Structure formats: C-alpha cells, structure tokens
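Engineer: Input: one structure, supplied below.
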Amino acid sequence: MSTAPAAVAAPAKSSGGFTGKAANYLDERTSISGAVKEFGRKIFPDHWSFLLGEVALYSFVVILLSGTFLTFFFDAAMTHTTYEGSYAPMNGVHMSAAMASTLDISFDIRGGLLMRQVHHWAALLFVASIGLHMLRVFFTGAFRKPREINWVIGFVLFILAMAEGFTGYSLPDDLLSGNGLRIIDGMIKSFPLVGTWISFLLFGGEFPGEDIVGRLYSLHIMILPAMVILFIALHLVFLIVHKHTQYPGPGRTEQNVVGFPILPVYAAKAGGFFFIVFGVIMATATFFQINPIWNYGPYDPSPVSAGTQPDWYIGFADGMLRLAPPHLEFVWLDRTWSFGILLPVIILGLFIVTVLIYPFIEAWVTGDKREHHLLDRPRNAPTRTAIGAAGVTFYAVMWAAASSDLIATHFRVTMEGVIHTLQALLFLGPVIAYFVTKRICLGLQKKDREIALHGYETGRIVRLPGGEYIEVHEQVSDYERWELVSYKDQAPIMLRPNAQGKITGSMRLRAAMSRWFFEDRIAPVTQTELDKSHGDDHH
Amino acid sequence: MAQDANSGKDLAAANSSSHDLVPEDSGTGVVSPDAVKNPGHPEHRKRVTDLDPKKEKQAERTVFVLFFLSAVGSLWAVAAYMMFPIDGQMELVRSNNLFIGLGATLALMALGIGAVHWGKAIMADHESVDERHPVRGTDETRARAIEIFEEANEESGFGRRALIRNSLIGALVVFPLPAVALFRGLAPYDEDPVELLQHTMWKKGTRLARDPSGVPIKASDVTLGSAFHVIPEDLNTAKDVLNEKAKAIVLLMRLKPEDLNELPERKNWSYNGIVAYSKVCTHVGCPVALYEQQTHHLLCPCHQSQFDVANHATVIFGPAARPLPQLPIEVDDEGYLVAQSDFTEPVGPSFWERH
Ligand code: HEM
Ligand code: FES
C-alpha cells in the first residue's frame, strides 16, 4: 500500500486536538487511513432478510462472551464426586465433577444460571439464524457466481454450529447429555470396519468411560470455536470482495450496489442491532428456563427418559434414525452390516452433500458464466424455489419424526400410524411440495405480468356510455413496474452435437436437467409488449 | 481488492454513469434486446425529521432517553447482583436470575434501539451507490500472476526436476502418520474393544438385584405381571461402575408361563414365567425401560423400537434389528434369582465384529 505523505498528513491537518493526534500516531504506525478510505464508505444495501446473517454473527459473539464466563467455573472432569453444593434435593447424590460444577454455576454463583441460560439460548438462536440465513440465500439465488464458494463456507459453518451445539449439550454430563452420547456411540459402532475402534478411542475405552467430557471440552471451547472463527472470517472477507447482493429495484443494476455507507449509518444500525440481538437473548434467558439439569439428574445408563427431546437442530438426525424400517441388519462375510443405522446415515449424508453442492449443479445446468449480484425474487426462479420447498419439506418430515412419540400421545394416535405416515411423507411430501410450489410461483409470475402490462384492479366499476360496466385498472408507476419485469430469464438448452459432431451422455443429462429447470417459464415483459398494451389501454 | 474510483457516489450522479456490460457467456440465460429499460433511481423522499426541526429534536430526545435508560439498566443489574444473594433455594436463584437479567436486558435493548433510532431518524439518509467491478483480476494482473508462477517454476525447477518434486510430495504425504499413530493412546493399550464388548459382569451365580439399591431379588418377590429394573448384586463394588452398568442392566418380568413362547434351546432360561432381558436397546443403546404389562411389549423411549417379551423379545416395530439378548436365570438355595451365566451374545448396539 502506498503511504503518500499527503495521506498521512490528512488526519493531523483536519483536527489538531487529541483525536487528531491519536489518529496521526496510529496511522504513522499502522497505515490505518488506507483501510478507512477503502472501507469507511463502503455501501451496504438494506433489507430485512439481510439481517438474518447478522443475527447469526451476533449470537455467536454472545456465545463467545457467555461461554468464556462459563469456562472460569466449569470443571470438565468425570471424576466421581458426591454433590455437596447448596441445591438441597441433589445433596449426597453421586455424580461427575462436570455435573457438580454445572450445578454450582447454577446455584452457587450469582448470575451463573443467567449466563448458562444466555449461552444455551444464544446457541439455539445461532443455529436457527444460520439456517434461516441459508434459506434466504438459497431462495434468492444469492449463491450464484461469484458466491458459490461462500455458500460452501456458510454451509460448513452450519455443520460446525451443530457440532458445537452437540458437544456443548454433552458437557454437563447429566442424564440427557449422557443419553445423547449413548446414541452417538451406538451410531459410531455401526460403521463398517472402523466403528468399534473409533468408539473405543473416542471414549477412551468402553462407554461411557471417564474421558469423553474432557475431550468434548477441548473440541467445544478450542478446536471448534477456532474453526468457526476462521470460517466466519473467510465468509466476511468474501462478502467484502464480492460486495453484498441487492434485490432488484429501480436504479439497481448488476454493476452497482445501492444502500447506506458503513460510516455512519450502517455502523449505527448494525451496532445497534447487535445490542438488540443480545438484548433479546438476555430477555429470553431472564424469563425462560432452559436445560434444567437438576431435574434430570446425573448420567446413569439405566433410568427411563421418555418424551425427552434433543436440542432442536439435532432433531432431524434423530428423526431420520426413527424412520428406518426394522430388520435392516445382516451378517455378510462374517461381519455385521447394520443398515438400520447406516441407511439413515447415508440418506442424511446424501441430503447434506446435495445442499452443499447445489450451486455447482445449477451453474452447470445453466452454463451461465455471468456474475449475479441482483437477487432473484423466489417466484422468478420457479424450479429452484420448488426444489428448495421440497428440501425444506424433507427436513421438516425428519424433524417431525423426532417427536413421533409426542405426536402419537398428543393426538391419541398409534405410534405405528405416526411412523408409517411419516415414512410415506418423507418421499411424498417433497414431491407434493415441489409441484405445489412450482405452480404457485408460475401463478405469481403470471399475475406480475398481468399487473405490469395492464395495471392493477382498483375495485372501481364504471359504466361506459354504451351501458357496459368495466372495472378501472390503474397503471403502476415505472418504478413499481420495474420490480415486476426486471428478472433474469433462462431458457432450456437445445441439444446440439458438439464440435466433433457427437452428443455425449453428459450433454444429454444437462439438456434434460435444463428442460426440467426451465421448460415451464414465464418470460419477462418486453418493451414492445408494454408499448402495445399501453397503446390498447388508451383506445 | 478493487479500488472504488467513485465509491459512495450519490444517486443523481450515478444515474447518468452506468457503464457497459462486459459481454460474457450467459449460458441458457436469455439476454433480450427488447427488455424494459431500468427507470433509474427514484427521487429521494425526505423524512419527517428532515422537514420538521421539532420532530428532529424529538428524535434526539428519544435517543438520549434510551441511552440514559441503558445506563440505568446496567447499574440496576449490578445492584441486583448485590441485593439478591442465592443460597440454593430455588426461589432466591430465580429472583437473582430475574433481576440481574431484567437490568441487563434493559441495558442492551435500550442501547440497541437508541443506536438504531439515531441511525434511522437522525443520520443523513440518502442512499449512495458503489460501482461493482468484476471479481476476477484484470488481464494484466492475471498475466503477471502467471508470469510469477512461471518464473518461480523456472528458478526452482519444480516442474523439471520430477525426482525431487515427487519425493517431496511423497514425504509430505507420509509426514502426518506419526500424529495419527499418537492417537492410538486415546484408549488403553492393553484392552481390545471387541473382546470387551463380548462380556458383561454377569456370571454364574450372580444375584439379580434391584436398580439402584442393589437389594437382591427373591423369586417369590416377583409377582405375576410385575417388572423389575435389575443390576448385578456386586455392581456397586465394580471398578468402573458406569461402564459395567451400561452393559449389565437387565429387565426382569414375570408372565404367565402359558403366555411365554420360549425357544426350545432356551427352555430352562426362565424360572416360573420369570424372564430376564438385557435393557440395552439393540438399536443404538438407550435403556429399553418402558414395559407394557398388558401386551408384554417393551418400548425403547429413544426411537420407539418395540420388543415382544412373550416372543423372546423379538423386534415388532421400530428401527432396531435384533431381539434383546436374554439372560439365563435360575434360583439359588436361598430362593434368590441368580444368573446361570453371562449373556450368550454381546448386548447393545451392533458392531462390525459382533458376529
Ligand atoms: C457456536 C458455538 C457454541 C455453541 C452452539 C455452544 C453450545 C453450548 C451448549 C448447548 C451448552 C450446554 C449448556 C447448558 O448447560 O445448558 C454449552 C456448554 C458450555 N459451553 Fe458452549 N457453545 C458454543 C461455544 C462455546 C465457546 C466458544 C465456549 C468458551 C469460550 C463455550 C463454553 C462452554 C462451557 C464452559 C460449557 C459448559 C458449562 C455448562 O454446561 O453450563 N461454548 N455450550
Ligand atoms: S436406541 Fe432403542 S430404539 Fe433407538
């Protein structure tokens, strides 16, 4: 970076007071003025849906703050102790040091329970906001070139967040966390070839052993947070390199970004929003109890725990396990293949990988090499939106399955009925969601087209001199119309032989996919159509 | 990073200067020459606070009050910390939680809302425009980058000297192996997981005792239709109580002998209609702890696998694949229920080497 003397002198010149001197001091040692010049007035577009990513970022900061407080008191050891803290009902109960210290945080440290609840609520919000942010990015097509890699980074963050959540949930070593680990242990053991040994190494011997909490603690407060921070940093660097996407609107193009500068407006709003997110988490932690481990007791492999639920973001995996049909296990080559567990794991894995690589699939189908900075309104990409709806439905069915017992008892239906229904819905639901969503999108597009060309119905009926009644249509303004007509249109590709005069299998597949994506399409209104319709309206 | 020549331009200026599209492969994207023209930025609308100095003053006051309240909230939280001691009583802990939390909530919310209000109502609110530049480097930059790699390749001989290059790659591939080997130390060296999973602490003569008290159970205590949660009598003196318990937990039930459909080879594993089954689910290992006396079904609370006790605990529903292993029992001279042996197969979830 060039350090032209003029630039250095600038802050000192503009203000001779303390601030000026301090700025000068700093700049002479750090060249910071360059960064202010580069970023200070960077423009960020405004839209409520852009706040979802911010919620994720801010709740992570809250997690870091509250988690650090907890580390000062939490004892990640499974040494057996007898509880002697001030919560009387647990007095004399045998438990691990981890559980005892979590009880101490709750009952012997002022504000400790509040910090635990802040940490836990913030964790739930963190995963939820990443998920919603991801949906926003998907349904608006923000993952298209040049942002495919940032989609992958964001998705890795989603997975890391779930891993953070699961490891954290396991730390207090209460009945529920132990049961969660029990399930993980059983799943790991089912893996061919390596499962038994991975479980043995992970738990430091047999389940539950005395090592797992300490090991998960290393992951929870060191390795995973470091990775989360690294990926967030990368995510934000790319955000700056690409500049933020924007919704289509008058004056907005692929070559510009319209919004407010970082300094001062965006900083005030975003900074303020951080405190609001923190405030909402604090309020939730103030009024709503979460994870009352003293009601569950220490981990013991034996007691019942009917109706208990994992944290919400683990639900889909737990639900998928429940949906496997019985008797999927067999012995082959003298080894046990437990497909009752492997099949759900494989389905989950395929689902995750599909979401991860979706941007590359769509890019391959369209062959579109342009940069896309204007977002799609979901209706304007009907097939993508329908695929998204199918994915959401698939996830929702798995998630509902995690509460199959509660559904059965609540609605007084049989367990078998619930599971069989959900098994069917797992496959039918996404298909139905796909077709319904696609129809809705196309319908909305048609309506947009109608309004762009002929205006909207005013509900005002007038009688023409000829005695005929008509409803008056009001034309939309140019600005409003622009939002209805300015979307990117994609058409299916023609299958043509390549330079060698051949049609390869991959070309066929691409053509088929392209037809699937773009066959049903409503083309945007053209200028000619517009002129024509306005001509008609005037007569 | 691309330098913005005219970053933060205001809208009027921007309307006149949109530069041309870089022609690029749009794939299946349709670029229509007949598209409707972008009408350009709409005119800026002023806010009430821009038009009415009184309203502006009012907004300023609101922000001030919010920031003031925030400070009050913070001090309140500190005062609550001192005024609400806790000593284990749920009520006191609740108050402590509530009052510190209320103060902190007020502090945070007021601060946040105040800052946002300042940004929205008072700070200058005209939108501005940044130009975008293609993410790719310019052609010159890219040419220079390639040149640098070529120079580096030339100077190092990385491409030419295949022998040392390949041996370098080889060495790098092997180099993490010691780290992997070190992780063997995560679990004891002198134990074999497959071996451990084959056995539990049940052996011939071990008394069946109540969980968790450890009081042994007499056959005569087990009335028809009842069910007991069972551990080995000597569990609580074992070396690793939880590890042993995780494998050794058992459910004991008494059915009418005529309801029991026993396998021929297990005819003498029960006593008077009393049967004992492993309580560790064969799915992924939760305790199968719900017994429905009417139907003789055992239900696992984790994923709802159901086992039919009357039919040697076969799976009748749910994701589990195998019946619960049965513990052969008999009665000793004093009338206590005892195990005839260990389980004859590994208990709990399946694993690769199980067979
Ligand atoms: C995305 C990141 C994180 C998530 C999702 C997360 C989630 C959780 C959850 C759900 C718990 C259980 C809390 C409870 O007892 O109810 C927990 C416990 C804990 N977390 Fe985190 N955490 C994260 C990051 C961190 C970080 C960065 C630290 C430390 C700097 C930390 C420190 C702790 C400690 C010490 C505990 C145990 C104390 C306790 O259970 O009360 N966590 N975490
Ligand atoms: S652990 Fe019993 S059904 Fe899953």
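Placement of Cβ uses the backbone N, Cα and C atoms for every residue, glycine included.
Pulled these from TrEMBL:
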type     : residues  : note
DOMAIN   : A:22-248  : domain 'Cytochrome b/b6 N-terminal region profile'
TRANSMEM : A:55-74   : transmembrane segment
TRANSMEM : A:120-139 : transmembrane segment
TRANSMEM : A:151-171 : transmembrane segment
TRANSMEM : A:217-241 : transmembrane segment
TRANSMEM : A:262-290 : transmembrane segment
TRANSMEM : A:337-361 : transmembrane segment
TRANSMEM : A:381-402 : transmembrane segment
TRANSMEM : A:417-437 : transmembrane segment
Engineer: Counting only residues 6+ away from its ends, which parts of the chain sit with a Cβ under 8 Å from the transmembrane segment (A:262-290)?
Structural biologist: 39-42, 44, 51, 54-55, 58-59, 61-62, 114, 117-118, 120-122, 124-125
Engineer: Same chain, outside the transmembrane segment (A:417-437) by at least 6, Cβ under 8 Å from its Cβ: which residues?
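Structural biologist: Residues 319, 322-323, 325, 382, 385-394, 396-398, 400-401, 404, 407-408.
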Engineer: Six or more residues out from either end of the transmembrane segment (A:151-171), which same-chain residues have a Cβ under 8 Å from its Cβ atoms?
Structural biologist: 74, 76, 98, 102, 119-120, 123-124, 126-127, 130-131, 133-134, 137, 143, 177-178, 180-181, 184, 212-213, 216-217, 219-220, 224-225, 227-228, 231-232, 234-235, 238, 291, 310-311, 313-314, 352, 355-356, 358-359
Engineer: Take every residue in the domain 'Cytochrome b/b6 N-terminal region profile' (A:22-248), average their pLDDT values, and give the whole-number result.
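Structural biologist: A mean pLDDT of 97 is what the predicted model shows over the domain 'Cytochrome b/b6 N-terminal region profile' (A:22-248).
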